[in-house]
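Reviewing the structure listed below.
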Number of protein chains: 2
Amino acid sequence: MPQPKYLTGDTAAIEEFLSRFDVFLFDCDGVLWSGDHLFPNVPETIEMLRKKGKQLVFVTNNSTKSRADYKKKFDKLGIPAEVEEVFGSSYSAAVYIARILKLPAPKNKVFVLGESGVEQELDAEGVLYIGGTDAAFRRDIEPEDFTNLANGSALDPDVGVVLTGLDFHLNYLKMATAFQYLQRGAVYLATNIDSTLPNAHSLFPGAGASGAGLTKAIGKEPLSLGKPSQAMMDAVEGKFQFDRSRACMIGDRLNTDIQFGIDGKLGGTLAVLTGVSKKEEFLAEDAPTKPMAYVNSLGDLLM
Amino acid sequence: MPQPKYLTGDTAAIEEFLSRFDVFLFDCDGVLWSGDHLFPNVPETIEMLRKKGKQLVFVTNNSTKSRADYKKKFDKLGIPAEVEEVFGSSYSAAVYIARILKLPAPKNKVFVLGESGVEQELDAEGVLYIGGTDAAFRRDIEPEDFTNLANGSALDPDVGVVLTGLDFHLNYLKMATAFQYLQRGAVYLATNIDSTLPNAHSLFPGAGASGAGLTKAIGKEPLSLGKPSQAMMDAVEGKFQFDRSRACMIGDRLNTDIQFGIDGKLGGTLAVLTGVSKKEEFLAEDAPTKPMAYVNSLGDLLM
């Protein structure tokens, strides 16, 4: 595998790299921003790519936000973007459930372990759900819950899917309820399974961590609808209709973003060093995942 | 591997089996009871073994209860037992931290993800801890928590160990806090890592599930001080001083109880079918773990 090309400071190389692609898929957290911290020159870089006529897609695994929520975040941070350019893992999961899985009614309701971003996208696709941010599930488990979950009286017989995303309000009651649905045969899906979430210049538990208890209990992994799952790439391509050989994935994580682009047979991948993965990880001779090129930060592309 | 011998209803075989052992190690949940449901003839069977002069040890992975809590449960269900006969995974972990790990003060405090059983046993061994049932951690994570955890201002610099057990009050704040300690080099221990907890004739998420998010985030497994970890067997033998060839482990789970006895080179293992594992699992030719013998339920040993 060829070594990744370092583009920072090399204007000619950047020009040549950008000319190879018509479409850029961006990861958001760790690329455009970290939490509420915008990285330098990001709006200007995005604007520059638009002026060059590039199509931009913001592909994010953060399931806590809907596309509309993301649009607000872009606006707040001053990054020019449209709702339709955002493709989140919650949207990806909603599309999968509504258009691909298509379980026959009435047993097609979703039990959600996650935040409102998941709920909004399920609503947008007309998918019925329970759980999620419902206050009835945001409490401690009580002795009678064990009985009522075990005998099924606390369960909705129409639930046919369990969908997990990053849940800042995870608790034992929700995990136990979801586990009962899985034991009764519900389809097990995840918006994404990232182990960590970059925030405040540090790492916090990600969607893969908030769903890991359920995965451990049931003893099998969910089907993930986020990066690097190609179910997400297929959905992105289905929506935006582009030539994969003229598309480039830009991200900070080797095992999600960069692998997502490689597995999807995109024309290129670009790593930024403002997030999770360090350059030592992909410059090592035996690194399993190598981007085509890398920059210190996205703003280094600005010319 | 010889096929497990079925003892139910075979008085001569039971008599012969019991005569081989001086010590019986019992799992509790799934063997003596399920939740608050006592299995038939359990007190009488325990009494019968005592009359035959057997030494009894109740070895349990349930970390939510201390030995004193367990004694109360035995009393309530009418099973004759002494506090000193109980060996729980919380006690096992406390003994490991205090007597084996022995981190130098002051960086020897424990951050607990678990219930009061863990706290009581740490107290009994003089180990300092934070977290656990402290109401300060039983709340939703707030935006400023991300900042204060990331910059360390919300962390106790004396924490050198993270100990996870079954936590009915798990939440994202506790998981994120524990994750920060692990990222800063804290030793990662678990009372046990059972994936499920039998209760109300069904399965619920176990300690391995409540700790799985942290394991996923940090990307490594904790050292488990519960079955089938031999760290627990060594501690049990150290306390009770017996000949392993004259000891028998009785349990309902192949991959914890029975494996625990086999790995510990005990003279025998006996499976009961009142808990997690089904007989089909160990009667299969290629079953990785086979008990020496099995009964439908513990009370079948009563003669």
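Including glycine, each Cβ sits where the backbone N, Cα and C put it.
Predicted automatically and left uncurated, TrEMBL annotations should be read as such.
Together with A:Asp27, A:Asp29, the Mg(2+) site in TrEMBL holds one more listed residue from A:Asp234, A:Asp243, A:Asp252, which is A:Asp252. The two recorded residues A:Asp252 (Mg(2+) binding site) and A:Lys227 (substrate binding site) have their Cα atoms spaced 12 Å from each other. Across the structure, A:Asp29 (Mg(2+) binding site) and A:Lys227 (substrate binding site) place their CA atoms 13 angstrom apart. Other residues of the same chain near the Mg(2+) site, with their Cβ within 8 Å of the Cβ centroid of A:Asp27, A:Asp29, A:Asp252, are A:Cys28, A:Gly30, A:Val31, A:Leu32, A:Thr60, A:Pro198, A:Gly251, A:Arg253, A:Asp257, A:Val272, A:Gly275, A:Val276. Separating the Cα atoms of A:Asp27 (Mg(2+) binding site) and A:Lys227 (substrate binding site) is a whole-number distance of 9 Å.
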